[in-house]
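J.: In case it's useful when we look at the structure, here is the feature table from TrEMBL:
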DOMAIN    236-373  domain 'O-antigen ligase-related'
REGION    434-454  region 'Disordered'
TRANSMEM  6-26  transmembrane segment
TRANSMEM  38-60  transmembrane segment
TRANSMEM  80-104  transmembrane segment
TRANSMEM  111-130  transmembrane segment
TRANSMEM  142-173  transmembrane segment
TRANSMEM  213-231  transmembrane segment
TRANSMEM  237-266  transmembrane segment
TRANSMEM  278-301  transmembrane segment
TRANSMEM  357-379  transmembrane segment
TRANSMEM  386-403  transmembrane segment
Amino acid sequence: MPDTFSRVLMVAFSVVAAVALFSGVRRSVKNRDQWSKGALLGALIVILTFSFVQLLATYTDSWVKVTDVYRDVSYSVPEWGQASLRVIMIPTALGGLAVLFAGLRRRDSQVNIPAVLLVTVLVISMAAALLHGDIPLESFPLVYLCILLACVFAPRGLGVHLGIATVCMIAAIASGFAMILHGDFSVIECVAGRKCGLLGFNFRGVLDNENALALYLALAMPFVYIGFRGWEGLVMAAYLTFLVVTTGSRSGTLTALVTLAVLLVARPDIRRPARTPVRSAILGTGLAGTLVAGLLLPMIIRDPAALSGRAYLWQVARGELADPSVFFYGAGMFGWRHLHEEGLVNASAVYSVHNQWLHVFFSTGIIGLACFLGALAILLWQARNGYFLVAASVLTPVFVLAATERPWPIDTADWLTWAVPGALLCYPLLRAPSSPPDDDDVGSAPASRREVSA
């Protein structure tokens, strides 16, 4: 359990992060054009998800402790939390449809092609579920569909970063102070043979487990750094890294350290777009290598006990893909759940295959995987004229986590839902081709450039 030094260190870092957040928000608010519809959209996408319901459950001491037949302990939100999630889904779905219809009515609207492809992936998952005898009309998948449809015409650019970064930092700082105020829940004692965080214990903050917190914070790092920039963005990104290495999540720790290094080296700047051939080539090569490694990893590891049992999950998924129908169009959004019901998958792993690429392949087949990879490729390709570093930096934690986790949901809403629209809307889309400065250090967009910005 945390000693005095750990408590003082956490409080000190959390206070510094809170000061940086206040300064960053105050500075950005002075530029009113930065806090726009895009910022509101980014903030609401994070707020209207599981994480803030879990934050309230933590600070009201309302978590329900659940012990299964194997004496494994987990926590679930109370009944009022479940009811809150059901209520939240209504305005989220309606808001997404409102953004979609508003975009359809505007003559100058530009279609977000990667968003269309991800909608296609979700539709394939639903159709596959129907073909396998399931009815894919549950609330969370439908809400996620509305969110993706909103992204087809939603405002893009800096505002999205600011909205997501602000709300994620509030959750992060609340997690930091939870060590002191709600340590009985937030701090997990290490036992023999169990992985431990930097301070000698595991830490889950305001979420239900340490891995969930690590993924949440690692995915938020690029938005925080890019949205606030300056000393505030650097301090807050470092604070998020500190929290992640405290959680005890090994995949999260690796991702946070890699992401922080990428941000420091690449220096993405959405306010001053410029072509940066050297940094873009390095980062693009790194993403490509990470993608290839993530695709091959589940295919080459054969020991079922490897990587904390993930290799067993991959083995099960590969076995299902031997069925031609699963190979071509997937097992559908409930396919993995059915394997859990058959006793092949543990309850702790029921939400994913624990590899983003294999998860997409299993749920939507080779057709869905092609659409998913196509969405990522187009997202990076459209950013080539000045925003490649921004898009690639946002995707860095996704690609690193993808090897052993499922950072992006593809057919349901969960605590990481916000990361998908955040990436889809992370840079303005140019209306007309232009040639920003070819400079690997500094650059600015010409005044004549017109953008669809948040």
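Sequential numbering from 1, following the chain as shown.
Each Cβ is built from the backbone N, Cα and C atoms, and glycine gets one as well.
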J.: Compute the average pLDDT of the predicted model within the domain 'O-antigen ligase-related' (236-373).
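T.: Averaged over the domain 'O-antigen ligase-related' (236-373), the predicted model reaches a pLDDT of 96.
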J.: Using a Cβ distance cut-off of under 8 Å, indicate which of 6-26, 80-104, 111-130, 142-173, 237-266 has the most pairs with the transmembrane segment (357-379).
T.: 111-130
J.: Should anything in the same chain at least six residues away from the transmembrane segment (237-266) have a Cβ under 8 Å from its Cβ atoms, list it; otherwise answer none.
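T.: For the transmembrane segment (237-266), the nonlocal Cβ contacts are 10, 13-14, 16-17, 20, 169, 172, 175-176, 188, 190, 195-199, 201-205, 210-211, 213-215, 217-218, 220-222, 224-225, 279, 282-283, 286, 389, 392-393, 396-397, 400-401, 403-405.
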J.: Please work out whether the transmembrane segment (213-231) lies in contact with the transmembrane segment (6-26), by counting C-beta pairs under 8 angstroms that are 6 or more apart in sequence and asking whether there are at least 3.
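T.: Since 3 or more Cβ pairs under 8 Å link them, the transmembrane segment (213-231) and the transmembrane segment (6-26) do come into contact.
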J.: Counting Cβ pairs under 8 Å to the transmembrane segment (80-104), which of 6-26, 38-60, 111-130, 142-173 comes out on top?
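T.: The listed stretch sharing the most Cβ pairs with the transmembrane segment (80-104) is 142-173.
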J.: Counting by DSSP secondary structure, give me helix, strand and coil numbers for the domain 'O-antigen ligase-related' (236-373).
T.: 99 helix, 1 strand, 38 coil
